[in-house]
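Take a look at the structure set out below.
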Amino acid sequence: MQTNNRIILAVDELSLERCLELVSKIGKRLCAVKIHNIYDQNGPEIVWKLKNAGASRVFVDAKLHDIPNTVRLRAKAIADSGAEIITVHASGGIEMMRVAVRAFPFEVFAVTVLTSLNIEQTHLIYGKSPKDVVLYLAKQAKLAGCAGVVCSSKEVGILSKIPELRGLKFMVPGVRSLGKALGDQSRVDTPVSAIKKGATYIVVGREVTEDKDPVKAFLKIESEISEVCF
């Protein structure tokens, strides 16, 4: 798989103008552009603005987590906007995920344990280690028909080796090049390490968007992972 099929760029901390400008320069080199609050602030039409600027695909990181019927309605509305990827919380249950998959005809990714949660916080919420929770939720997502799961690099190396999860895609956020600030992330890794462990896609954000030369910062990450992408 080529590098331009591996990198998802999160652009939420940019203004709309700066977001569209950056996408116009590197959009075709990305797997997708990931949006969250920009979608809320600008409405569904932002999806086509991003595509017109050069985005190959648009990923609305909605993290849907509600009763099945509400999730169905929201997933359908996001599909109607032209987005090709959405997220749901796997902890919403298998039926909720199944409803999302039926309502959204493209790729639904199930979020397992947020990468901002450390081991202690995960134990406090779920009563188990991140590894155990992620494994259980990934199996549920597979049964629900999700295209993939969102997990940290700490768990992707385990998931990618489990036969019953074969065919599931693994999206890994919280990646940082060596020496870069962790921000609000806890379970992090480098882009190269995440790919080596089995990540299908990596999500990069502030390391690129906050750089004084975001295009150069992106190309650096692209170059770093090029030797391990196949």
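A Cβ is built for glycine as well, from the same backbone N, Cα and C atoms used for every other residue.
A 10 Å cutoff on Cβ-Cβ distances gives ASP61 (active site, for OMPdecase activity) a total of 21 other Cβ atoms nearby, all chains included. According to TrEMBL, the active site, for OMPdecase activity annotation covers ASP61 (among others).
Annotated active site, for OMPdecase activity per TrEMBL: LYS63 (among others), in sequence order. Counting only same-chain residues six or more apart in sequence, the Cβ atoms lying under 8 angstroms from the Cβ of LYS63 (active site, for OMPdecase activity) belong to THR87, VAL88, HIS89, VAL111.
For ASP66 (active site, for OMPdecase activity), the Cβ neighbour count at a 10 Å cut-off comes to 14, with all displayed protein chains included. In the three-state DSSP scheme, ASP66 (active site, for OMPdecase activity) falls into the coil class. TrEMBL lists ASP66 (among others) with the feature active site, for OMPdecase activity.
DSSP gives ARG206 (substrate binding site) a helix state. Cβ-based neighbour count (10 Å, all protein chains) for ARG206 (substrate binding site) stands at 17. Feature annotation from TrEMBL assigns substrate binding site to ASP12, LYS34, THR115, ARG176, GLN185, GLY205, ARG206.
Summarising the annotation, TrEMBL assigns domain 'Orotidine 5'-phosphate decarboxylase' to 6-221.
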State the Cα to Cα distance, in Å, between ASP12 (substrate binding site) and ASP61 (active site, for OMPdecase activity), rounded to an integer. 10
Might you list, by sequence position, any residue in that chain lying six or more from LYS34 (substrate binding site) with a Cβ less than 8 Å away from its Cβ? ILE8, LEU9, ALA10, VAL11, ASP12, PHE59, ASP61, ILE85, VAL203, GLY205
At the level of the C-alpha atoms, what whole-angstrom distance separates THR115 (substrate binding site) and ASP66 (active site, for OMPdecase activity)? 21
Could you state the whole-number distance in Å separating the C-alpha atoms of ARG206 (substrate binding site) and ASP66 (active site, for OMPdecase activity)? 29
Mean pLDDT for the domain 'Orotidine 5'-phosphate decarboxylase' (6-221), as a whole number? 93
